[in-house]
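Colleague: Below, the features straight out of TrEMBL:
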- 12-105: repeat 'Solcar' (REPEAT)
- 118-208: repeat 'Solcar' (REPEAT)
- 214-303: repeat 'Solcar' (REPEAT)
- 1-32: signal peptide (SIGNAL)
- 116-139: transmembrane segment (TRANSMEM)
- 179-197: transmembrane segment (TRANSMEM)
- 217-237: transmembrane segment (TRANSMEM)
Amino acid sequence: MQILKMAMVSVLLFLKDFLLGGLAGAVSKTAAAPIERVKLLLQLQDGSVQMRNSYKRYDGIVDCVRRVLKEQGLLSFWRGNLANVVRYFPTQAINLAFKDRYKELFLRGVDKCKDFWTYFAGSVASGSAAGATSLCVVYPLDFARTRLAADVGKVNEEREFTGLFDCFKKIVKSDGFFGLYRGFWMSLIGIVIYRGAYFGFYDIAKEVIGSENLNFVTKWIVAQVTTTLAGLLAYPCDTVRRRMMMQSGCRKDERLYSNSLHCAGRILCQEGICAFFKGAFTNIVRGISSSLVLVLYDEFQKLFEFLFQTD
């Protein structure tokens with residue numbers, strides 16, 4: 001009976017982490033959807049056959065916002081948001097839930113005070129492993145979110161995809177199931193870099209400053225710095241992987257890149273190193289919502305524990 005009780009408690013704790021992480025992520029992503037779409041349009045306009053062949057380039061953030069609002073309407077800023085929320089719920093929930101489980105694996109027996117760098121390495125490894133785990137499951141949703149957001153058609157007749165399921169259907173028909181995984185390996189590299197920094201540095205900061213000294217504002221500042229640095233470190237990988245996503249559904253003679261290495265090399269030679277960071281500023285602004293995820297998760301967790309203890 002004791003073993004069964006412990007198993008039930010473990011399952012309940014997992015479900016709690018899953019639901020709290022997903023709720024925090026869904027709210028923040030919906031709020032940041034317009035910024036995310038602007039970022040994707042700026043990042044992908046040189047790697048999209050649709051935009052390169054028949055669409056005037058965006059000159060910057062202001063020009064992009066103005067033209068999207070004028071040409072596609074206010075609601076178009078949320079194109080692909082459904083896929084993003086559906087994707088983000090399990091992504092963040094799995095990351096946040098499994099992070100602590102992976103920490104047990106990588107940090108068991110490590111003294112946080114006496115062996116700081118071992119604890120740091122273990123925190124980075126646990127965050128990376130959690131991110132890689134979720135990536136394998138939700139990548140097709142990330143793919144669909146990118147393609148829907150990069151679709152600049154003004155009305156349904158001009159759009160490449162009418163929705164999430166239409167995107168899946170057309171890509172699978174033209175490229176097969178693995179067409180939904182184009183750019184996956186570069187994504188894996190990027191997710192390890194990003195999640196490692198995202199979770200690792202946040203936990204380290206809490207330990208250095210002291211969790212008891214962290215109020216809501218301080219937590220937000222720490223999380224904001226963490227997400228900004230992590231995002232910049234992984235951004236070149238994000239640019240390459242998303243440009244590879246744009247090649248699915250194209251005829252072979254229309255594809256701009258044959259693989260991720262070819263994509264990276266062509267970007268570097270033809271556009272320069274700064275091209276890897278197109279849309280990075282909007283990514284930093286978007287990071288405000290990402291940092292709130294960690295803070296909201298902690299606050300939701302405290303509320304849950306308070307209610308649970310009250311009962």
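A Cβ is built for glycine as well, from the same backbone N, Cα and C atoms used for every other residue.
I'd like to know what surrounds each of these features in this structure.
Modeller: Taken residue by residue, the repeat 'Solcar' (118-208) breaks down under DSSP into 74 helix, 0 strand, 17 coil.
Within the same chain, residues 87, 90-91, 94-96, 98-100, 102-103, 105-107, 110, 180-181, 184, 187-188, 191-200, 203-204, 207 sit at least 6 positions outside the transmembrane segment (116-139) and bring their C-beta atoms closer than 8 Å to a C-beta of that stretch.
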Colleague: Report the DSSP secondary-structure composition of the repeat 'Solcar' (12-105) as helix, strand and coil residue counts.
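Modeller: Across the repeat 'Solcar' (12-105), DSSP assigns the residues as follows: 81 helix, 0 strand, 13 coil.
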Colleague: Count the residues of the repeat 'Solcar' (214-303) that DSSP assigns to helix (H, G, I), to strand (E, B) and to coil, and report the three numbers in that order.
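Modeller: The counts are 71 helix, 0 strand, 19 coil.
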